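Marked as domain 'Ras-associating' by TrEMBL: 125-211. What TrEMBL records for 213-260 is domain 'SARAH'. Per TrEMBL, region 'Disordered' is recorded for 28-51.
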Amino acid sequence: ADCRYTCHQECRSLIQLDCRRQCQSQLSPESTLLPPGSQNVTQTVEEEKPEPPTVQEIKQRIEKYNAKVTNCLLMKLSDDGTYTGFIKVHLKLRRPVTVPAGIRPQSIYDALKEVNLAEMTDKRTSFYLPLDAIKQLHISSTTTVSEVIQGLLKKFMVVDNPQKFALFKEMRKDGQVLLQKLPPTEYPLYLQLLAGPDSDVLSFVLKENETGEVEWDAFSIPELQNFLMILDKEEKDKIQQVHRKYERFKQRLQQTLKEARGKPG
């Protein structure tokens, strides 16, 4: 009634979410379903940011971070106090994305030369990215959430408006999975430094930017056509299910009437 979250009636009892308007028992549009026995909470309250750490504190944190790293994905501190490292981003996109039609995937050579293959053609097509694909990104401490989103879209040659997407941080604590939407000016690498290299403690998720009502004007014609095709298929499947259900019911009634002929009553 308040946040207008939509789900199947059968799934209602499985959803445990926060609501930014009412109490914690309400439903929130920025959420995901989890397996039974786990809980998913979407935090919407802005956290107060502490004072920025000194260079010495950053150095100590990086040394502590690198001591826990089990692979070669270390953080490196520069002389100017900035540092670089890796973050892991899960792509959990439910809608198709728009990409250039007939363009080969970007090679390492193109990336080094900063060649933008998407600008080489005006033709567009839409397709679904693999569900829960994972991408390791090498970024700087000055890289913002907005720049991470733009970098991911560029790597996959997605030409959609970056404002359609949002970056979330996913944390596990006390048996709960906390999913919080990050503001565009947040620094993901600093969050990773505070949490440590364990992806079970902190990882990042790219999802659609659910801000309420769908802004249909932000979608391209191929995307809208895909939506119509999906809805048409779902409608036909539902009609076939109803037809099969009542056909079976009709057959049972006819069989019952046939067996009852000639019997008293």
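Each Cβ is built from the backbone N, Cα and C atoms, and glycine gets one as well.
Helix, strand and coil content of the domain 'SARAH' (213-260), in residues and according to DSSP, is 43 helix, 0 strand, 5 coil. With DSSP states grouped into helix (H, G, I), strand (E, B) and coil, the domain 'Ras-associating' (125-211) comes out at 22 helix, 33 strand, 32 coil.
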